[in-house]
Amino acid sequence: MVGEEGAFVLGWDEVLTEEELSMTLKVLCMSEEEFKEYKEQDGWEDDSDEEENSTLSNEALSRLKAPCKKLLYDSVLLTLESYGADLKAEQDLLNNKEAYEKLSRREQQALHVRYGQKRILHQLLELVQ
């Protein structure tokens, strides 16, 4: 369901791997009975038109059902815990010109990437609270 990478791609305005995330949330939020019924009815094929017509914009994410929001929220928290430093620490490093300039070019680029990723994840936390 999630693909080879095992991750979802989020942008500032929407989920870029929306089909994968929609299907994953749908399945993970089903009861065991609903899942069995869905699987028996070959539901995987039946929803393709429905999934194509729905985009997971930030607005749509904020309107998800409570169980899906909780699942996303908890997943984002786990992802944020996997980083070595929090968003504030990254921001402080970016704002500290002296410390920033001591970083190698590669470390500076990595800092910008991590900071951007964390900002998107924090935005997602706000949307699904």
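Any Cβ shown, glycine's included, is placed from N, Cα and C.
Bear in mind that TrEMBL entries carry predicted annotations, made automatically and left uncurated.
Since we're looking at a predicted model, the values are computed, not measured.
Secondary structure of the domain 'Rubisco LSMT substrate-binding' (4-121), assigned with DSSP and counted as helix (H, G, I), strand (E, B) and coil, comes to 82 helix, 4 strand, 32 coil. What TrEMBL lists as domain 'Rubisco LSMT substrate-binding' is 4-121.
Under the heading region 'Disordered', TrEMBL lists 39-58.
What TrEMBL lists as compositional bias 'Acidic residues' is 43-53.
If you take every residue in the domain 'Rubisco LSMT substrate-binding' (4-121) and average the pLDDT, you get 86.
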